[in-house]
Amino acid sequence: MKWSVIQALALASGVQAHGYLTFPMSRTGLNAQAGPDTCPECTILEPVTAWPDLDSAQVGRSGPCGYNARVSVDYNQPGPRWGSAPVVTYKGGDVADVQWCVDNNGDHGGMFTYRICQDQALVDKLLTPGYLPSEAEKQAAENCFRAGTLPCTDVNGQSCGYSPDCSPGQACWRNDWFTCKGFQDTKCRGVDNAPLNSCYTSIAGGYTVSSRIKIPNYVSNHTLLSFKWNSFQTPQIYLTCADIKITAPDSQSPPTTTTTSTPASPPPTSCATPAASVAVTFRSKTTTSVGQTVKIAGSIAQLGGWDASKAPALSASQYTSSNPLWTTTISLPAGATFEYKFIRVESSGAVTYESGANRVYTVPRDCAGTATVDTAWK
(Lines of atoms letter the chains of each structure in order from A and count residues from 1; the text may use other names and numbers.)
(Lines give C-alpha, C1' and ligand atoms only; values in the text may rest on other atoms or scores of the structure.)
Protein backbone atom coordinates (compact mmCIF):
# COMPACT_ATOMS: atom_id res chain seq x y z
CA MET A 1 0.00 0.00 0.00
CA LYS A 2 2.80 2.39 0.94
CA TRP A 3 4.53 1.72 -2.40
CA SER A 4 1.33 2.46 -4.34
CA VAL A 5 0.90 5.76 -2.48
CA ILE A 6 4.48 6.81 -3.25
CA GLN A 7 3.97 6.04 -6.94
CA ALA A 8 0.67 7.89 -7.08
CA LEU A 9 2.03 10.99 -5.38
CA ALA A 10 5.09 11.06 -7.61
CA LEU A 11 3.04 10.87 -10.78
CA ALA A 12 0.43 13.31 -9.56
CA SER A 13 3.05 15.93 -8.79
CA GLY A 14 4.56 15.62 -12.24
CA VAL A 15 8.00 14.80 -10.82
CA GLN A 16 9.84 12.34 -12.99
CA ALA A 17 13.13 10.52 -12.81
CA HIS A 18 15.58 12.05 -15.24
CA GLY A 19 18.93 10.81 -16.50
CA TYR A 20 20.87 9.63 -19.54
CA LEU A 21 24.21 8.09 -20.52
CA THR A 22 26.91 10.71 -21.09
CA PHE A 23 30.16 8.72 -21.31
CA PRO A 24 30.48 7.23 -23.77
CA MET A 25 28.09 9.78 -25.21
CA SER A 26 24.71 8.25 -25.92
CA ARG A 27 22.59 8.74 -29.01
CA THR A 28 20.33 10.85 -26.80
CA GLY A 29 23.23 13.04 -25.69
CA LEU A 30 24.50 13.52 -29.24
CA ASN A 31 21.08 14.73 -30.33
CA ALA A 32 20.98 17.09 -27.36
CA GLN A 33 24.41 18.49 -28.23
CA ALA A 34 23.13 19.18 -31.74
CA GLY A 35 20.04 20.91 -30.38
CA PRO A 36 16.91 18.98 -31.46
CA ASP A 37 16.57 16.97 -28.22
CA THR A 38 15.72 19.70 -25.75
CA CYS A 39 15.41 17.30 -22.81
CA PRO A 40 17.82 14.36 -23.08
CA GLU A 41 17.01 13.33 -19.51
CA CYS A 42 13.35 12.86 -20.48
CA THR A 43 13.74 9.55 -22.31
CA ILE A 44 11.42 7.63 -19.98
CA LEU A 45 9.73 4.23 -20.03
CA GLU A 46 6.60 4.68 -17.88
CA PRO A 47 4.48 3.69 -16.09
CA VAL A 48 6.04 0.28 -15.50
CA THR A 49 7.15 -1.92 -12.64
CA ALA A 50 10.65 -0.62 -11.91
CA TRP A 51 11.10 -1.78 -8.30
CA PRO A 52 11.84 -4.17 -6.67
CA ASP A 53 11.89 -6.40 -9.77
CA LEU A 54 14.42 -4.76 -12.07
CA ASP A 55 13.77 -6.75 -15.24
CA SER A 56 10.07 -7.62 -15.31
CA ALA A 57 8.94 -4.63 -17.40
CA GLN A 58 8.53 -5.00 -21.15
CA VAL A 59 10.25 -2.19 -23.02
CA GLY A 60 7.54 -1.54 -25.60
CA ARG A 61 8.35 1.25 -28.02
CA SER A 62 11.20 2.43 -25.74
CA GLY A 63 13.32 -0.54 -26.75
CA PRO A 64 16.82 -0.90 -25.28
CA CYS A 65 17.87 2.55 -26.55
CA GLY A 66 14.91 4.66 -25.48
CA TYR A 67 12.07 6.72 -26.92
CA ASN A 68 11.73 10.39 -25.94
CA ALA A 69 8.05 11.23 -26.12
CA ARG A 70 8.73 14.88 -25.33
CA VAL A 71 10.52 15.38 -28.66
CA SER A 72 9.07 12.30 -30.46
CA VAL A 73 12.44 10.69 -31.18
CA ASP A 74 13.05 6.93 -31.28
CA TYR A 75 16.71 6.16 -30.53
CA ASN A 76 16.40 2.53 -31.58
CA GLN A 77 17.36 3.50 -35.12
CA PRO A 78 20.18 5.67 -36.51
CA GLY A 79 19.33 9.33 -36.95
CA PRO A 80 20.89 12.33 -38.66
CA ARG A 81 23.23 12.98 -35.71
CA TRP A 82 23.70 9.57 -34.13
CA GLY A 83 24.08 5.89 -34.89
CA SER A 84 26.10 6.02 -38.10
CA ALA A 85 29.42 5.16 -36.46
CA PRO A 86 30.88 4.21 -33.07
CA VAL A 87 31.77 7.07 -30.73
CA VAL A 88 34.45 5.08 -28.90
CA THR A 89 36.55 1.94 -29.40
CA TYR A 90 37.31 -0.59 -26.68
CA LYS A 91 39.38 -3.75 -26.60
CA GLY A 92 37.88 -6.95 -25.27
CA GLY A 93 38.80 -7.26 -21.61
CA ASP A 94 39.25 -3.50 -21.14
CA VAL A 95 38.10 -1.94 -17.88
CA ALA A 96 36.35 1.25 -18.99
CA ASP A 97 35.05 4.34 -17.25
CA VAL A 98 31.35 5.03 -17.81
CA GLN A 99 29.14 7.83 -16.60
CA TRP A 100 25.55 9.02 -16.67
CA CYS A 101 23.89 12.26 -15.65
CA VAL A 102 21.01 12.58 -13.17
CA ASP A 103 18.88 15.71 -13.05
CA ASN A 104 18.74 17.69 -9.81
CA ASN A 105 14.93 17.73 -9.98
CA GLY A 106 14.58 14.03 -10.76
CA ASP A 107 16.93 12.02 -8.59
CA HIS A 108 14.70 9.22 -7.37
CA GLY A 109 17.36 6.74 -6.33
CA GLY A 110 17.37 3.12 -7.37
CA MET A 111 19.81 0.95 -9.30
CA PHE A 112 21.42 0.98 -12.74
CA THR A 113 23.35 -1.26 -15.09
CA TYR A 114 25.27 -1.40 -18.36
CA ARG A 115 24.70 -4.14 -20.95
CA ILE A 116 26.12 -5.42 -24.26
CA CYS A 117 24.13 -7.79 -26.49
CA GLN A 118 26.42 -10.25 -28.26
CA ASP A 119 23.87 -11.29 -30.90
CA GLN A 120 24.99 -9.08 -33.78
CA ALA A 121 21.94 -9.93 -35.89
CA LEU A 122 19.65 -8.47 -33.22
CA VAL A 123 21.85 -5.41 -32.71
CA ASP A 124 22.00 -4.80 -36.46
CA LYS A 125 18.27 -4.10 -36.42
CA LEU A 126 19.09 -1.06 -34.25
CA LEU A 127 21.91 0.02 -36.57
CA THR A 128 20.19 -0.09 -39.96
CA PRO A 129 19.53 3.39 -41.42
CA GLY A 130 15.89 3.97 -42.27
CA TYR A 131 14.68 0.87 -40.43
CA LEU A 132 12.55 1.13 -37.28
CA PRO A 133 12.46 -2.16 -35.36
CA SER A 134 9.06 -3.50 -34.35
CA GLU A 135 8.19 -3.71 -30.66
CA ALA A 136 8.76 -7.47 -30.83
CA GLU A 137 12.24 -6.89 -32.27
CA LYS A 138 12.95 -4.25 -29.64
CA GLN A 139 11.94 -6.68 -26.90
CA ALA A 140 14.09 -9.44 -28.39
CA ALA A 141 17.04 -7.07 -28.38
CA GLU A 142 16.25 -6.02 -24.80
CA ASN A 143 16.23 -9.66 -23.71
CA CYS A 144 19.67 -10.05 -25.28
CA PHE A 145 20.97 -6.95 -23.49
CA ARG A 146 19.65 -8.29 -20.19
CA ALA A 147 21.60 -11.49 -20.79
CA GLY A 148 24.65 -9.33 -21.48
CA THR A 149 24.64 -7.41 -18.19
CA LEU A 150 28.16 -6.22 -17.35
CA PRO A 151 28.43 -6.95 -13.62
CA CYS A 152 29.81 -4.38 -11.25
CA THR A 153 31.64 -7.28 -9.59
CA ASP A 154 33.68 -8.00 -12.74
CA VAL A 155 35.94 -5.01 -11.99
CA ASN A 156 38.53 -5.86 -9.37
CA GLY A 157 38.52 -3.50 -6.41
CA GLN A 158 35.25 -1.79 -7.33
CA SER A 159 32.80 -1.32 -4.49
CA CYS A 160 29.62 -3.22 -5.37
CA GLY A 161 27.15 -2.89 -2.54
CA TYR A 162 23.46 -3.67 -2.20
CA SER A 163 20.81 -0.99 -2.43
CA PRO A 164 19.88 0.52 0.96
CA ASP A 165 16.30 0.62 -0.36
CA CYS A 166 16.19 -3.12 -0.99
CA SER A 167 15.94 -6.04 1.45
CA PRO A 168 17.28 -9.62 1.31
CA GLY A 169 14.84 -11.82 -0.58
CA GLN A 170 13.66 -9.06 -2.91
CA ALA A 171 14.54 -9.23 -6.61
CA CYS A 172 16.60 -6.04 -6.28
CA TRP A 173 18.91 -7.66 -3.69
CA ARG A 174 21.80 -8.12 -6.10
CA ASN A 175 25.19 -6.49 -6.54
CA ASP A 176 25.88 -7.26 -10.18
CA TRP A 177 23.93 -4.04 -10.82
CA PHE A 178 25.24 -0.72 -9.54
CA THR A 179 23.33 1.02 -6.77
CA CYS A 180 22.60 4.61 -5.87
CA LYS A 181 22.79 5.74 -2.27
CA GLY A 182 19.63 5.42 -0.20
CA PHE A 183 16.55 7.42 -1.16
CA GLN A 184 16.53 9.04 2.28
CA ASP A 185 20.26 9.72 1.91
CA THR A 186 22.02 11.28 -1.11
CA LYS A 187 20.35 9.08 -3.77
CA CYS A 188 22.15 8.79 -7.12
CA ARG A 189 24.05 12.07 -6.87
CA GLY A 190 25.74 10.63 -3.78
CA VAL A 191 27.69 8.14 -5.92
CA ASP A 192 30.10 10.85 -7.12
CA ASN A 193 29.14 13.72 -4.82
CA ALA A 194 29.90 15.94 -7.81
CA PRO A 195 28.77 19.59 -7.82
CA LEU A 196 25.58 20.72 -9.52
CA ASN A 197 26.04 21.21 -13.29
CA SER A 198 28.91 18.74 -13.43
CA CYS A 199 26.93 17.38 -16.39
CA TYR A 200 24.16 18.78 -18.58
CA THR A 201 20.44 18.37 -18.05
CA SER A 202 17.86 20.81 -19.37
CA ILE A 203 15.58 21.00 -16.34
CA ALA A 204 17.52 21.73 -13.16
CA GLY A 205 21.16 20.92 -13.83
CA GLY A 206 22.82 17.56 -13.45
CA TYR A 207 25.17 15.48 -11.33
CA THR A 208 27.57 12.89 -12.72
CA VAL A 209 27.24 9.24 -11.66
CA SER A 210 30.42 7.30 -12.47
CA SER A 211 31.31 3.61 -12.55
CA ARG A 212 33.66 1.18 -14.26
CA ILE A 213 32.74 -1.79 -16.43
CA LYS A 214 34.67 -4.67 -17.94
CA ILE A 215 34.23 -5.02 -21.70
CA PRO A 216 33.53 -8.63 -22.76
CA ASN A 217 35.92 -10.56 -24.98
CA TYR A 218 33.72 -10.03 -27.99
CA VAL A 219 34.55 -8.42 -31.33
CA SER A 220 32.23 -6.09 -33.24
CA ASN A 221 32.96 -3.22 -35.61
CA HIS A 222 29.73 -1.58 -34.49
CA THR A 223 27.56 -2.54 -31.56
CA LEU A 224 25.77 -0.83 -28.68
CA LEU A 225 26.33 -0.23 -24.99
CA SER A 226 22.91 0.03 -23.35
CA PHE A 227 22.41 1.89 -20.06
CA LYS A 228 19.41 1.15 -17.86
CA TRP A 229 18.36 2.96 -14.68
CA ASN A 230 15.44 1.76 -12.57
CA SER A 231 13.93 4.46 -10.35
CA PHE A 232 13.18 3.51 -6.74
CA GLN A 233 10.59 6.21 -6.07
CA THR A 234 8.62 6.26 -9.30
CA PRO A 235 7.41 3.60 -11.78
CA GLN A 236 9.95 4.65 -14.38
CA ILE A 237 12.94 3.17 -16.21
CA TYR A 238 15.58 4.92 -18.27
CA LEU A 239 17.11 3.32 -21.35
CA THR A 240 19.78 4.94 -23.52
CA CYS A 241 22.49 3.57 -25.83
CA ALA A 242 25.94 4.54 -27.08
CA ASP A 243 27.40 3.28 -30.35
CA ILE A 244 30.71 1.51 -29.70
CA LYS A 245 33.31 -0.68 -31.37
CA ILE A 246 35.03 -3.64 -29.67
CA THR A 247 38.30 -5.01 -31.02
CA ALA A 248 40.13 -8.19 -30.10
CA PRO A 249 42.24 -8.12 -26.93
CA ASP A 250 45.96 -7.53 -27.31
CA SER A 251 47.61 -10.79 -28.32
CA GLN A 252 49.68 -12.55 -25.73
CA SER A 253 53.44 -12.15 -25.93
CA PRO A 254 55.08 -15.14 -27.65
CA PRO A 255 57.01 -17.53 -25.40
CA THR A 256 60.64 -16.63 -24.89
CA THR A 257 63.34 -18.66 -26.65
CA THR A 258 67.11 -18.95 -26.45
CA THR A 259 67.51 -17.23 -29.80
CA THR A 260 69.46 -13.98 -29.59
CA SER A 261 68.39 -11.12 -31.81
CA THR A 262 68.96 -7.41 -32.13
CA PRO A 263 65.94 -5.35 -31.03
CA ALA A 264 64.24 -3.72 -33.97
CA SER A 265 64.05 0.06 -34.12
CA PRO A 266 60.61 1.52 -33.54
CA PRO A 267 58.70 2.27 -36.74
CA PRO A 268 58.72 5.92 -37.85
CA THR A 269 55.23 6.53 -36.48
CA SER A 270 55.98 5.08 -33.06
CA CYS A 271 58.63 5.29 -30.36
CA ALA A 272 60.15 3.08 -27.72
CA THR A 273 58.69 5.02 -24.80
CA PRO A 274 55.50 7.06 -25.34
CA ALA A 275 55.21 10.18 -23.20
CA ALA A 276 53.75 9.55 -19.74
CA SER A 277 52.23 13.03 -19.70
CA VAL A 278 51.14 15.36 -22.46
CA ALA A 279 51.15 19.16 -22.53
CA VAL A 280 47.64 19.84 -23.83
CA THR A 281 46.92 23.36 -25.08
CA PHE A 282 43.27 24.36 -24.85
CA ARG A 283 42.24 27.21 -27.17
CA SER A 284 38.75 28.61 -26.72
CA LYS A 285 37.22 31.43 -28.73
CA THR A 286 35.15 33.11 -26.02
CA THR A 287 33.95 36.69 -26.27
CA THR A 288 34.31 38.47 -22.94
CA SER A 289 33.90 41.94 -21.44
CA VAL A 290 36.32 43.91 -19.31
CA GLY A 291 36.70 42.21 -15.93
CA GLN A 292 35.63 38.76 -17.12
CA THR A 293 38.00 35.78 -17.23
CA VAL A 294 37.73 32.27 -18.63
CA LYS A 295 38.54 29.01 -16.84
CA ILE A 296 38.41 25.34 -17.77
CA ALA A 297 36.69 23.06 -15.24
CA GLY A 298 36.47 19.31 -15.49
CA SER A 299 36.14 15.91 -13.91
CA ILE A 300 39.86 15.38 -13.16
CA ALA A 301 42.02 16.93 -10.47
CA GLN A 302 44.11 18.91 -12.99
CA LEU A 303 40.91 20.75 -13.98
CA GLY A 304 39.75 21.30 -10.42
CA GLY A 305 37.40 18.32 -10.12
CA TRP A 306 34.46 20.58 -11.14
CA ASP A 307 35.36 23.07 -8.39
CA ALA A 308 35.32 26.44 -10.17
CA SER A 309 37.59 27.98 -7.55
CA LYS A 310 40.27 25.39 -8.35
CA ALA A 311 39.79 25.38 -12.14
CA PRO A 312 42.81 26.67 -14.09
CA ALA A 313 42.44 30.06 -15.75
CA LEU A 314 43.08 30.72 -19.42
CA SER A 315 45.21 33.58 -20.71
CA ALA A 316 43.89 36.41 -22.88
CA SER A 317 47.35 37.30 -24.22
CA GLN A 318 46.27 36.45 -27.79
CA TYR A 319 42.76 37.95 -27.48
CA THR A 320 41.58 40.45 -30.09
CA SER A 321 38.12 41.71 -30.98
CA SER A 322 38.22 39.74 -34.24
CA ASN A 323 39.77 36.64 -32.67
CA PRO A 324 38.63 36.35 -29.01
CA LEU A 325 41.09 33.59 -28.15
CA TRP A 326 41.75 32.37 -24.62
CA THR A 327 44.48 29.74 -24.12
CA THR A 328 46.18 27.61 -21.51
CA THR A 329 48.52 24.63 -21.53
CA ILE A 330 48.08 21.90 -18.91
CA SER A 331 50.16 18.77 -18.32
CA LEU A 332 47.81 15.77 -18.31
CA PRO A 333 48.45 12.01 -17.96
CA ALA A 334 48.56 10.19 -21.30
CA GLY A 335 45.45 8.13 -21.97
CA ALA A 336 43.29 9.97 -19.43
CA THR A 337 39.67 10.50 -20.47
CA PHE A 338 37.65 13.25 -18.84
CA GLU A 339 34.72 15.64 -19.22
CA TYR A 340 35.11 19.40 -19.13
CA LYS A 341 33.52 22.76 -19.82
CA PHE A 342 34.75 26.30 -20.14
CA ILE A 343 33.38 28.76 -17.61
CA ARG A 344 33.14 32.54 -17.71
CA VAL A 345 33.93 34.24 -14.41
CA GLU A 346 32.68 37.74 -13.58
CA SER A 347 34.73 40.22 -11.57
CA SER A 348 32.23 39.57 -8.75
CA GLY A 349 33.16 35.88 -8.80
CA ALA A 350 29.87 34.75 -10.37
CA VAL A 351 30.34 31.80 -12.70
CA THR A 352 28.59 30.91 -15.98
CA TYR A 353 29.11 27.46 -17.48
CA GLU A 354 28.90 26.72 -21.19
CA SER A 355 25.54 25.37 -22.32
CA GLY A 356 24.91 21.88 -23.63
CA ALA A 357 26.42 18.55 -22.71
CA ASN A 358 29.91 18.28 -21.27
CA ARG A 359 32.83 18.11 -23.64
CA VAL A 360 34.83 14.86 -23.56
CA TYR A 361 38.55 14.50 -24.30
CA THR A 362 41.03 11.64 -24.24
CA VAL A 363 44.69 12.60 -23.89
CA PRO A 364 46.65 10.92 -26.71
CA ARG A 365 49.24 8.22 -26.07
CA ASP A 366 52.14 8.99 -28.40
CA CYS A 367 55.66 10.31 -28.46
CA ALA A 368 54.94 13.94 -29.25
CA GLY A 369 54.19 14.93 -25.70
CA THR A 370 51.99 17.79 -26.90
CA ALA A 371 48.43 18.21 -28.16
CA THR A 372 46.07 21.07 -29.03
CA VAL A 373 42.30 21.34 -28.61
CA ASP A 374 40.55 24.12 -30.54
CA THR A 375 37.04 25.05 -29.42
CA ALA A 376 34.54 27.89 -29.30
CA TRP A 377 32.21 28.87 -26.48
CA LYS A 378 28.79 27.22 -26.73
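For all residues, glycine too, the Cβ spot is worked out from N, Cα and C.
The Cβ neighbour count for H108 (Cu(2+) binding site), using a 10 Å radius and every protein chain shown, is 26. The feature Cu(2+) binding site is assigned by Swiss-Prot to H18, H108, Y238, with similarity to another entry given as support.
The compositional bias 'Low complexity' annotation in Swiss-Prot covers 250-263.
If you look up Swiss-Prot, you'll see 18-244 marked as domain 'Chitin-binding type-4', on the strength of sequence analysis.
Each residue in the domain 'CBM20' (272-378) gets a DSSP state, and the totals come to 6 helix, 49 strand, 52 coil. The feature domain 'CBM20' is assigned by Swiss-Prot to 272-378, with sequence analysis given as support.
Residues near N221 (N-linked glycosylation site) in space but far in sequence (CB under 8 A, at least 6 apart, same chain), listed by position: P86, K245. Under the three-state DSSP scheme, N221 (N-linked glycosylation site) falls in the strand class. Taken from Swiss-Prot, the feature N-linked glycosylation site applies to N221, supported by sequence analysis.
Taken residue by residue with DSSP, H18 (Cu(2+) binding site) is part of neither helix nor strand, so it is coil. Here H18 (Cu(2+) binding site) comes close to E41, C42, I44, V102, D103, N105, G106, T201, I203: these same-chain residues lie at least six apart in sequence, with C-beta atoms under 8 angstroms from its C-beta. Annotation comment: Swiss-Prot describes H18 as methylhistidine, evidence class similarity to another entry.
For 250-272, the entry in Swiss-Prot reads region 'Disordered'.
As annotated by Swiss-Prot, signal peptide applies to 1-17, with the evidence given as sequence analysis.
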